[in-house]
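What TrEMBL annotates here:
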- 12-32: transmembrane segment (TRANSMEM)
- 52-76: transmembrane segment (TRANSMEM)
- 96-115: transmembrane segment (TRANSMEM)
- 135-156: transmembrane segment (TRANSMEM)
- 168-187: transmembrane segment (TRANSMEM)
- 193-214: transmembrane segment (TRANSMEM)
- 235-257: transmembrane segment (TRANSMEM)
- 277-297: transmembrane segment (TRANSMEM)
- 318-338: transmembrane segment (TRANSMEM)
- 350-371: transmembrane segment (TRANSMEM)
- 383-401: transmembrane segment (TRANSMEM)
- 413-432: transmembrane segment (TRANSMEM)
Amino acid sequence: MAKKDFTQGNVLNHILVMSATSTVGLLAIFGVDLTDLIFLSQLGDHDILAAIGFAGVILFFTQSIGIGLSVAMLALVSKAIGQANEAKMKATASNIMLFSSIVAVAIALVTFPLLDQLLAWLGATGRAAELAYRYSAWLLPFFPVMVIATSANAIVRALGDAKRAMSMMLAGALVNLILDPIFIFYFEWGIEGAAMASAAARVTMACFALYAVLKVHPMLARINWQHFRAEAGMIARFALPTTLTNFATPIGMALLTYKLAEIGTTAVAGSAIISKITPVAFAVFYSLSGAVGPIIGQNVGAGQYPRVIDTLKTSVKFSCAYTAVLWLLMVVSLPYILMLFGAEGQVAEVVSAFCYFAIPLTCAMGALFVANAGFNNMGRPGFATAANFLRNSLGVIPFVWLGAEWFGAEGAIVGFSLGGFVFGVLAIFYCIRLAKSRLERQLLAEMKDAN
C-alpha cells in the first residue's frame, strides 16, 4: 500500500484533503443526534428538549470511551499493517475488538443502574428527568454495538479504505433519518421512538462495519486467549490516555448543564439545541486533529520542524477562516434555525446568544484540537490531556459561573465559549513554542556537527 508523503507539497492542501472524508463520516454520526432533536422539537415540548440535553451528557461520556478505544484500534492496527505481518495484523485487530467489546459491556452494565443518580447529579428533576431516563435506558444497551461499529470502522480506515468507512456511517444516518418520523409521529412513540431509531442506526452501522472486516477485508481471526491476555495490558495502556483526553469534554458539558439546570428547564432545552448543532457545524474541527496528525507526525519523523510549525499555524488560520464564514451563515440563518426547532422565549434567547457571541470564540476549539495532535505527535501526550482537562475545568467553572451570575443562561453559554477560547489560544501557543524549541535544538546540533 502506497504511503502518502506529507513532507512535501502544499501544507494547506494536505490539511483540506485529509479533513474532507473524515468530516463527512463525522457529519453522519453527529447528524443522527441532530436529526433526533429536529423531529422531537416539532412536538413543542421543552421538557423533551431538556431531557435530550441531560441524557446527551451521560451518553457523551460513554461515547468518549468508545472514541478512545477506536483510536487505539486505528493506531495499533496501522502499526501492525506497517510491519507487513498478516497473522499479527489479524490477531491484533481481533484482540482489540474483543477488549473493546468487554469494556463497552462493562460500562453499560455499571452505568445503567446509576442512571437516576447521574441525572440527579446533573440537576435533572421532574418530567425532564423521567424523559431523560427513558431515552438513556433505550440507548445505553446499544453502546457496545456502537463500539463494535467504531472499532471495525477504525480497522477499515487503517487499511486505507476511507470511502467504505465513510459509507457505513452514512448508512446508519440514513436509517435514522427514515425511522425518526415514523417512530416519533406515525407510531406516536415520542422520545422513546427517537431512541429506537438511533438504536437501529447503530445496529446498521455495526452490520455494515462487521461485513467489511469479515468479508471485504477479512481482518478478524479466532481468539488466542494466551495472546489476548498478553496484549490486553498494552491495549489498555494505549487506550487510557486517549480516553482520558476525550473524557475531559463531557466533564465540561456536565458542569455547564448543572449550572443551566439551576436556571431552569428552558435553559437546558436551549443548551440541548446548541449541543446538537455544534458537532455538526464544527465537524471540520473534530476531524482536524486526526487530519493534521499524520502530517505533523511524518514531518517530526523527518526532522522537518519548519513544516511542523507551518502546519500548526496554517491549521489555526484555516480554523479562523472557517469560523468567520460559519458565523456569518449562522447569524443569517438564525430565524430559520429558531423556526426549525420551534424555539421561543428563553430557549430562543440562549440559541441566539450562541450564534451572535459564542461562535466567533469557538475558533479556538480548532486550535485546541490541532494542539492536541501536535503534542501527541511530538511525544507529549500528557500535554494534550492536561490542556483538555484545564479547558474543561478552569476554562468552565469561573467563566460559566460568572457569566450566569451576570447575564443568566446566555452569559453561561458565552462564558463556556470564552473559557474555551482562552485555553485554546494558550494550548496552540505552547505547542508552537514546543516545535520551535525542537527546531532550535536541531539547528544547534547541526552547527556543532559542522564545526
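Placed from the backbone N, Cα and C atoms, the Cβ positions cover glycine too.
Note that TrEMBL annotation is computational and uncurated.
Contact between the transmembrane segment (383-401) and the transmembrane segment (235-257) holds: at least three of their C-beta pairs are under 8 Å, each pair 6 or more apart in sequence. If you look at the transmembrane segment (135-156) against the transmembrane segment (350-371), you find fewer than three C-beta pairs under 8 angstroms, all six or more positions apart, and that falls short of contact. The list of residues near the transmembrane segment (235-257) in space but at least 6 beyond its ends in sequence, with Cβ under 8 angstroms from a Cβ of it, reads 53-54, 56-57, 60-61, 63-65, 67-69, 71-72, 75-76, 95-96, 99, 122-123, 268, 271, 275, 372, 381-382, 384-385, 388-389, 391-393, 395-397, 400, 412-413, 416.
Counting C-beta pairs under 8 angstroms (sequence separation of 6 or more), the transmembrane segment (277-297) fails to reach the transmembrane segment (168-187), with fewer than 3 such pairs. Spatially, the transmembrane segment (168-187) is not adjacent to the transmembrane segment (52-76); fewer than three Cβ-Cβ distances between them are under 8 Å for residues at least 6 apart in sequence. Long-range neighbours of the transmembrane segment (193-214) within the same chain, counting only residues 6 or more positions beyond its ends whose Cβ lies under 8 Å from a Cβ of the stretch, are 32-33, 36, 39-40, 93, 134-135, 138-139, 142, 145-146, 148-153, 155-156, 161, 164-165, 167-169, 171-173, 175-176, 179-180, 182-184, 187, 220. Distant neighbours of the transmembrane segment (318-338): 12, 15-16, 277, 281-282, 284-285, 288, 344, 348, 351-352, 355-356, 359-360, 362-367, 370; these residues of the same chain sit at least 6 beyond its ends, with a Cβ under 8 Å from one of its Cβ atoms.
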